[in-house]
Structures are given as structure tokens and as C-alpha cells.
Amino acid sequence: MVNLTYGALTTLSDGTLSFEPLGTDILATLQGTTSAFDPGDIAWVLTSAALIVFMLPGLGYLYSGLARRKNALSMLFLSLVSLGIVSFQWFFIGYSLVFSESGGSFFGDGRNVGFRNVLERPVPESNGKLPEIVFATYQLMFACLVPAVLLGAAAERSRILPAMIFIFCWTTLVYDMLAHWIWSSNGWANKWGILDYAGGVPVEIASGMGGLAYSYFIGKRRGYGTERVAFKPSNVGHVVLGTVFLWVGWLGFNGGSCFAASLKAAMAVFVTNLAGSVGGITWLIMDFRLERKWSMVGFCTGAIAGLVAITPAAGFVGAPAGALIGLVSAAVSNLSTRLKVTMRVDDPMDIFAVHALAGVVGVLMTGLFAQSSVAANDGFSEIAGGWMDHNWVQFAKQIVWALVGLSWTFVVTYAIMFVINLIPGCHFRSTEEAEIVGMDEVELGEFVADYAFHHRDLEGLFDPNELSRFNSATQFHLTSMAPRSYLRPGQAHMTHHNGSSNGNGNYPPTMPRGGAAAMDAQYSEQNQGLNEKPRSRSRGRTRSRSRQRASTPSGMDKVEEVNSSDEVELRKLGNTTSSTLEGSSLNTGSSDFSQKL
């Protein structure tokens, strides 16, 4: 039974404590010791935890806006599903591995498995200012965020099931270990005096380096290095919305990490906003010197780089140092976005440059500009400071800490993926057909908006009447992948220009802008003697387009289009498979072909 009451404890002249029943503090007695918790501190930390939750959809919107629209919802899904998976992991084993009271120097024990005894105990990591349940809730939000950042590397070519298994395993073996080393009072890095205020290594370097390992393991996207996957955001509005959510959440991320409503929290919030602002302006100017245009995406990316770098330093540095950290981190990340070409890795969201390298900048600059006077703004923290306080060895400690984070994360992440990939049905890489169709349809069967269903990159074959017979577009697509023509009644006499009766290649209607509608367009053009089709460009891709207005069941005018770039890719893939099968067996039937395709 918990022994709680409300009041105030005052210290008398003789050193004894006096209880005042009209006070507002929460008084908890545990094992004969009474602790007082300030409701203001509890309210601030819980509010900060709620602000961090906004960062998860923020990441989803950011990544979905940067990805091609046929993969946008999968980015939002992975960001939010991380909240669910890690919340269970943290309850089950995560918190105990990181912050158990009797843990060792390298990892915790099972003392708090299933959140046993996690309630009123004053937590030493918060200088006794918070009950353990509040502290554990706040730290949970950190754990949920990190794998969501990492999985931006999964964009456009990773399956979701193994990614969800990966979230649980990675949080347990990578994040929990790093967090215990630096934030637990028993961790070796904490005891050694390394300074990492809110997660330069456990959050930023771990997510960035983990993303790099993820990208290496699953390989490059189909068409990488060509115009088809050249960087061009599908929705800049989502990028802006995601950045705003992240920025607001970051104020709680750093502001709550001193575990009290204090001057230190106010300074942390201020320098966090300052570093993000300076980082955004820096990136904006660096892009303008090359493009001669102002970039909204560039400002958002630079702001995130500045916010990343200030994370390990926010509670230890003043405003001038915060501005300098934002400037240097944005400049380094901007120049480092080209490294992925040299490193031969497909990092579509630049997670390595913006998170890992900006995190390294922040960790190292903390060793230079940390000040004991700033850290003491909460009234109890004592640090030796960095070079500003003539503590010259601190910079070397920060270097070691950054290297440990980089190496541990990369090696363990790659090992986790290697093992999961061996499990039947849990291979990470999607099929070639799935990349063409898009992760949203193949993995989710849903889209980020209804327009995406009708105007996605696939822009293949879609007949609303035919599709309505199936539970989902995915089911229709998978059950229709056979080398047979798809003709409406009365169109069986149509002959393709190559002499075959297959009016639409080997691929029947699957998705928007086309399908049987495209067949109607072809049929109409043939009857009208139209031999040329106008050319157009959309997002840098050439299409052959024929527009014709027709009444749809919904009463809306539909745009009918044939021969889109992705449809051509699907046909090529089908033709290649067909030739291979014909070479191996002349008697291969259409049913066998469908199964193998």
C-alpha cells in the first residue's frame, strides 16, 4: 500500500522536519523515509512527455512528404506503430534494463520487469525530485521516438512486418544499452563524467547510424541514381507540418530533461529554439548560393540539424554557444549530404547526415562549451564543465563516447537485421513489383489521401466497376497478375499494335488512372483515327497521355491515361519473366506463369 499525503515539509532550526498540512507538495513515505514532490515539477515533466508524443506523427509527416506519394502512408505508419511497440517493450523489459535501481555498469537487471514497484520511489537520476512513475513515463517517450527516426531509412523498399520486429529488438539491444550507460546513475559513461544532456548518442547518433546500417542492409531502391528516384518531395506541406510538430516536441524533449520546472529548463528551451532557428537559416543560405532560390525543405532540414546538435548540450551551454552549435551542425550536415554517393548507400531521408553527423557535432561541441554555471541553474547539478571551464580532458571523453555510440549501433543493428532476415517470411527487402506499385498498396492497402488512389505514381490500370468486386486494391492486383488480356465486353475484337490480342500487356487493371478506362481510351482513339498522343511531363517523368471525359459511377469526371512510366516498368518486368519461363519450358501454362510472377 502506498503511503501518500499532501502538505509541506519545513526544516526547523534544530534540523528536524515539521509537517504543514496546508501545503501542496506530494509527500510519499517509502521504507521509513519521507520524500516531497513538487506538483509543479511533475506537471512540467508530464507536459513535456506529452509534447514528445507530437514528434512521432511529426516524423511521419516529414518522411511522408519527402517520399514519393505511393509510399507516403507507410512512413506515417512506421512512425506511429513505433509508439505502440516500444510502449509495450518499455513496460515489459525496457525500463528495467535502463533504470533498474540495482543494475550494473553495462545494463540493468529484471528488478522492474512488467513495471513492478514502479510508482512512488524518488529517482536518483532526477535528484529525488520526481516519483518513479513520472520519470519512467517521460523516458518512455524518448525510447518510442528513436526507432521512428531510424526507420526513415526504410523508405520505399522495406517490408513492414520485419520492420516491426526490428523495432522491438533494436530498442532492447541498442537503445536500452546506450541509455543505461549514460543516463543511469549506475552506467559506466555516467560515472566517467561524460556529458550528454538529452541524448546525443542514445537518440541522435544511434538513430542516424542505425539508419545507415538499415540502408546498407536492404540495398538501394529500384532505379537509384536515375531520374525516377531523384529527390523531389511529394508534399512540401507535409514536410512543413512535420517540422513544426518536431520543433514543438523538441522543446519538451530538452526542456523536460532537467526533471524540474527551473531556470535550467527555461535556458534549455531557449537554446533549443535558437539552435534550430540558426540551423534553418544557415541551411537556407547554403542552398541559395547554389540554386538561387529559397527552399522551404532546406529551411526545415537545417532546423532539424540544429535541433539535433543542441540535444546533448542544451542543459550545459549558454545562448551564444547554442547559436554556434546550430550554425556548425547545419553547415556540416549540408555538406555531408553528398557523402551517401561516396559511401555507395541509398539514404533517402539523409538520416546519417542530419542525425548521426549533427549528433557527433553536438556531442563534441558539448565538450568545448559546457559550463558548470549553466548546469547549476537547476540548483543541484554539479559538472566539471568543458574547455570553457578549462577542463581539457572533457573533449577527449566526448570523442570516446561518440565513437562508442557509432560503432555499437552500426554493428548491433546490422546483426539484428541479419538474424531477422533469416526468419521465414521476414525478409526486409520488398519485391520488385512491390517497389513499382508502392508500399502503401502492397503493405497497407490504404493511402495517405484519396487523391493518391487515383493519381499515384503507379498510374496504371484501374476500373472502379471491376475493382469494386474485391475487398481491396491489393487483393485485386494480386489475383489479377496473369498474362491474359483484360477487355470489356464488346472489345474482344481489339488488336494490339504488336499483333497480339492482349490490349494491355501482361498486367490487368490494378490501380488509378487507367485500367479498363485506359482500354476505353485506346479503343476510342483507334476508332477516331488518332495516331499521336500529346506528351507531358510530371515530376520529371515523361508520359503518353490521352484525356477523355467520361461519366463515372460517382458522377465525377475521370482522367484516363495509358502508358505511364510505372506501367511500362511493370510490363517490362512481366515480359522479362515471361521470356525466362518460355525458355525453360515451352509447355508452361498461364496459371503457372501467374504463380511464378
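For all residues, glycine too, the Cβ spot is worked out from N, Cα and C.
Curation plays no part in TrEMBL annotations; they are all automatic predictions.
Pulled from TrEMBL:
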COMPBIAS  536-548  compositional bias 'Basic residues'
COMPBIAS  574-597  compositional bias 'Polar residues'
DOMAIN    43-447  domain 'Ammonium transporter AmtB-like'
REGION    489-597  region 'Disordered'
TRANSMEM  42-63  transmembrane segment
TRANSMEM  75-98  transmembrane segment
TRANSMEM  133-153  transmembrane segment
TRANSMEM  160-182  transmembrane segment
TRANSMEM  194-214  transmembrane segment
TRANSMEM  235-253  transmembrane segment
TRANSMEM  265-285  transmembrane segment
TRANSMEM  297-315  transmembrane segment
TRANSMEM  351-370  transmembrane segment
TRANSMEM  399-423  transmembrane segment
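Of the Cβ pairs linking the transmembrane segment (42-63) with the transmembrane segment (235-253) and spaced 6 or more residues apart, 3 or more are under 8 Å, so the two regions touch.
Summarised as a single figure, the pLDDT of the domain 'Ammonium transporter AmtB-like' (43-447) averages 95. Here the transmembrane segment (351-370) sits against the transmembrane segment (194-214); at least 3 CB pairs are under 8 Å, leaving out pairs fewer than 6 apart in sequence. Sequence-distant contacts of the transmembrane segment (265-285) (same chain, six or more residues past either end, CB-CB distance under 8 Å): 44, 197, 247, 250-251, 253-258, 294-295, 298-307, 309-311, 313-315, 317-319, 321-323, 325-327, 329-331, 333-334, 374, 377-378.
The listed stretches are 133-153, 194-214, 235-253, 399-423; of these, 133-153 has the most Cβ pairs under 8 Å to the transmembrane segment (75-98). Long-range neighbours of the transmembrane segment (399-423) within the same chain, counting only residues 6 or more positions beyond its ends whose Cβ lies under 8 Å from a Cβ of the stretch, are 162, 165-166, 169-170, 173-174, 177-178, 181-182, 189, 194, 196, 200-202, 205-206, 209-210, 212-214, 216-218, 356, 359-360, 363-364, 367.
Sequence-distant neighbours of the transmembrane segment (133-153) (same chain, 6+ residues past either end, Cβ-Cβ under 8 Å): 42, 45-46, 48-49, 52-53, 55-56, 59-60, 63, 75, 78-79, 82-83, 86-87, 89-90, 94-95, 98-99, 115, 118-120, 123, 125-126, 163, 166-167, 170-171, 175-176, 179, 183, 199, 202-203, 206-208, 210-212, 214-215, 218, 253, 256, 259, 347-349, 351, 355.
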